[in-house]
Amino acid sequence: MTKKVYVKTFGCQMNEYDSDKMVDVLNAAEGLEKTDTPEDADIILFNTCSVREKAQEKVFSDLGRVRELKEAKPGLLIGVGGCVASQEGASIVSRAPYVDLVFGPQTLHRLPQMIDARRASGRAQVDITFPEIEKFDHLPPARVEGPSAFVSIMEGCSKYCSYCVVPYTRGDEVSRPLDDVLTEVAGLADQGVREVTLLGQNVNAYRGALSAGSADIADFATLIEYVADIPGIERIRYTTSHPKEFTQRLIDTYAKVPKLVSHLHLPVQHGSDRILMAMKRGYTVLEYKSVIRKLRAIRPDLSLSTDMIVGFPGETEDDFDKMMALVHEMSYDTSFSFIYSPRPGTPAANLHDDTPREVKLKRLQHLQATIEENVARISQSMVGKVERILVEGPSRKDPNELSGRTENNRVVNFPAPLASHPRLIGQMIDVKINHAYPHSLRGELLLVSDDASAATH
């Protein structure tokens with residue numbers, strides 16, 4: 001009987017990428033297949049996030065629930081990976097003695113060896129070292145499950161924002177060699193991938209050697225240009241970028257590379273210079289707006305999403321008003337916004353915070369309501385327009401329909417003959433938008449042809 005692995009992912013897209021790699025590693029080494037049901041699993045892994053306290057505590061809550069599964073199935077192995085693992089290390093085993101494996105983001109490739117050691121010794125295995133970029137040399141080729149794929153181009157972050165735990169859990173910035181990234185993208189394209197999302201904690205800080213050991217360095221703009229030249233790749237996205245690293249070279253790339261989508265996730269975190277300085281973000285609101293102004297001069301249709309932290313220590317009503325003014329001016333399409341959560345070991349955790357939680361919650365609700373109004377307005381403005389979408393597969397709500405994404409990352413569901421589904425999935429097609437819902441669009445296919453290539457550029 002085929003053994004199975006269950007992975008639960010918390011947090012960012014980097015973690016989603018890492019979770020896929022955990023499955024790939026265990027499939028290549030032990031033949032394990034992925035399952036979505038923990039009760040069916042022989043190995044249960046939690047890929048964790050420590051950016052906010054709530055996410056961290058959720059991990060231990062979930063661990064408590066799977067403990068019962070282990071009691072009923074003694075051979076079951078339980079592992080904790082990701083940023084909580086890096087931060088807590090062996091203390092996870094002290095708190096939850098039934099955990100067998102603790103590994104960081106940089107050591108997931110060692111999972112087969114850790115499993116062997118656990119079985120041989122009967123003792124929990126902990127490996128949260130930072131072996132730089134070593135893991136990419138030991139990962140098996142990716143198994144593609146659709147026309148879109150993530151590609152990690154670097155690890156870590158060297159910005160050390162005062163509130164952020166990432167540099168301590170993922171290490172400083174280390175870029176993969178250019179040829180290594182391009183080889184992975186080309187392999188994905190050969191398997192039918194048409195859209196890649198380049199991943200990194202601070203992706204536009206990419207500085208990769210042209211090849212392993214080379215002294216010549218490629219910047220992020222160069223990487224994008226090379227990826228765009230790979231046959232089969234039709235769209236390029238990236239996340240997450242940092243305003244401080246947004247060079248003129250990268251801005252110019254939006255004029256030179258049509259495959260780079262007109263959608264940008266650029267976290268600003270706050271709209272007050274005073275708070276940005278306390279956060280150690282390294283830019284002002286004016287500098288941030290200058291980047292967006294230059295980009296929209298090249299791509300007037302650029303849609304923009306961001307991250308916002310409400311209730312940072314010392315935030316006044318005036319600071320919050322400045323944040324809201326920026327939200328209105330930038331017309332954000334989406335915002336991942338949260339109340340500030342102090343993380344142990346970060347400088348901001350020691351700052352005095354005298355703002356009542358109910359005030360923070362009220363501000364967050366106001367911010368999120370404003371963003372939702374923006375989302376609805378932008379979605380409504382798309383009704384009646386023809387959008388180019390990448391067809392990803394059957395619709396979740398109705399498998400008789402198909403679903404795809406626009407450049408600005410909107411999900412579009414549309415009817416299509418069942419016989420055409422295999423041909424259309426993975427293709428770039430034109431869809432007329434007929435209706436806007438809160439979190440998706442509905443459209444109609446404009447072109448149906450017996451020749452799949454007729455539905456693409």
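Each residue, glycine too, has its Cβ placed from N, Cα and C.
Values in this document were obtained by computation on a predicted structure and should not be read as measured data.
For Cys83 ([4Fe-4S] cluster 1 binding site), the same-chain residues that are 6 or more apart in sequence and have a Cβ closer than 8 Å to its Cβ are Gly11, Asn15, Thr48, Cys49, Ser50, Val51, Gly104, Pro105, Val165, Val166, Thr169, Arg170. As annotated by Swiss-Prot, [4Fe-4S] cluster 1 binding site applies to Cys12, Cys49, Cys83.
For Cys157, Cys161, Cys164, the entry in Swiss-Prot reads [4Fe-4S] cluster 2 binding site, with the evidence type sequence analysis. Secondary structure from DSSP puts Cys164 ([4Fe-4S] cluster 2 binding site) in coil. Residue density at Cys164 ([4Fe-4S] cluster 2 binding site): 22 other Cβ atoms are found within 10 A of its Cβ, drawing on all protein chains shown.
Residues annotated as domain 'MTTase N-terminal' in Swiss-Prot, with sequence analysis given as evidence: 3-120. On the 0 to 100 pLDDT scale, the model's mean across the domain 'MTTase N-terminal' (3-120) is 91.
What Swiss-Prot records for 143-377 is domain 'Radical SAM core', and it gives sequence analysis as the kind of evidence.
Residues annotated as domain 'TRAM' in Swiss-Prot, with sequence analysis given as evidence: 380-447.
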Quiz prompt | Euclidean distance between Cα atoms of Cys12 ([4Fe-4S] cluster 1 binding site) and Cys161 ([4Fe-4S] cluster 2 binding site), Å | solution = 17
Practice problem: Give me the Cα-Cα distance between Cys12 ([4Fe-4S] cluster 1 binding site) and Cys164 ([4Fe-4S] cluster 2 binding site), rounded to a whole Å. | Solution: 14
Self-check item: Chain-internal residues, separated by at least six, CB under 8 A from Cys157 ([4Fe-4S] cluster 2 binding site)
Solution: Cys164, Val166, Pro167, Arg170, Asp172, Glu173, Gln201, Asn202, Ala205
Self-check item: Cys12 ([4Fe-4S] cluster 1 binding site), number of other Cβ atoms within 10 Å
Solution: 19
Quiz item: Which residues, in sequence order, are found in the same chain with Cβ within 8 Å of the centroid defined by the Cβ atoms of Cys157, Cys161, Cys164 at the [4Fe-4S] cluster 2 site, excluding those residues themselves?
Solution: Lys159, Tyr160, Tyr163, Val165, Val166, Pro167, Gln201
Exercise. Using a 10 Å cut-off, grab the number of neighbouring Cβ atoms around the Cβ of Cys161 ([4Fe-4S] cluster 2 binding site), all chains included.
Key: 20
